[in-house]
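Copied from TrEMBL, the annotated features are:
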- Cys59: active site, nucleophile (ACT_SITE)
- His133: active site, proton donor (ACT_SITE)
- 1-193: domain 'UCH catalytic' (DOMAIN)
- Gln53: site 'Transition state stabilizer' (SITE)
- Asp148: site 'Important for enzyme activity' (SITE)
Amino acid sequence: MEPELLSMVPRPVCAVLLLFPITEKYETFRTEEEERIKAKGQDVKSSVYFMKQTINNACGTIGLIHAIANNRDKMNFETNSSLKKFLEDSLSMTPEERAKYLETYEAIRVTHESSAHEGQTEAPSIDEKVDLHFIALVNVGGHLYELDGRKPFPINHGETSDDSFLEDAIEVCKKFMERDPEELRFNAIALSAA
């Protein structure tokens with residue numbers, strides 16, 4: 001995550017997906033953060049697309065949906081894209097309604113299941129306890145948002161820009177790593193221009 005390495009990432013970056021371990025330290029932080037935000041409040045733009053995660057072991061799919069949904073203006077969808085239809089249909093829904101809609105949206109479920117079984121390692125079953133989790137970091141309206149379907153709302157990490165988004169998102173990733181310095185199981189994936 002050094003500047004010279006980040007300079008090799010194609011720009012513009014529209015989202016960063018972070019995979020991290022769910023540890024006791026993280027769960028304590030998550031609870032404290034939620035309480036702090038509920039007490040003090042935060043500014044979240046109404047244009048942020050956020051959904052809850054109600055399907056076990058679907059955090060990667062939820063992270064990708066968050067990344068793509070908050071960058072629809074930069075995407076070129078195929079004419080009959082199931083994902084485009086899902087996003088259009090769910091745009092006016094609440095985060096909870098989007099989660100319920102995803103539970104019944106057959107095209108994404110089938111794609112999720114087939115992708116999970118294509119990898120080189122065996123995918124966990126839907127009910128298996130997993131201690132790794134994906135979140136999305138996105139730039140919406142000049143603010144960096146953390147989108148985690150396990151949380152009750154998006155987390156606003158402050159101002160950003162198209163030019164500084166990757167570096168700003170990496171600073172958020174570093175905070176996750178600093179909370180669990182003994183952990184090595186972190187991975188960041190940038191979604192950028194080809």
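Every residue number used here counts from 1 along the chain in the order it is shown.
Glycine is no exception: its Cβ is also placed from the backbone N, Cα and C atoms.
Please treat TrEMBL annotations as automatic predictions, because they have not gone through curation.
Taking the C-alpha positions, the distance from Gln53 (site 'Transition state stabilizer') to Cys59 (active site, nucleophile) comes to 7 Å. A Cα-Cα distance of 6 Å separates His133 (active site, proton donor) from Cys59 (active site, nucleophile). The residue listed as 'active site, nucleophile' and Asp148 (site 'Important for enzyme activity') have their C-alpha atoms 8 Å apart, to the nearest angstrom. When pLDDT is averaged over the domain 'UCH catalytic' (1-193), the result is 91.
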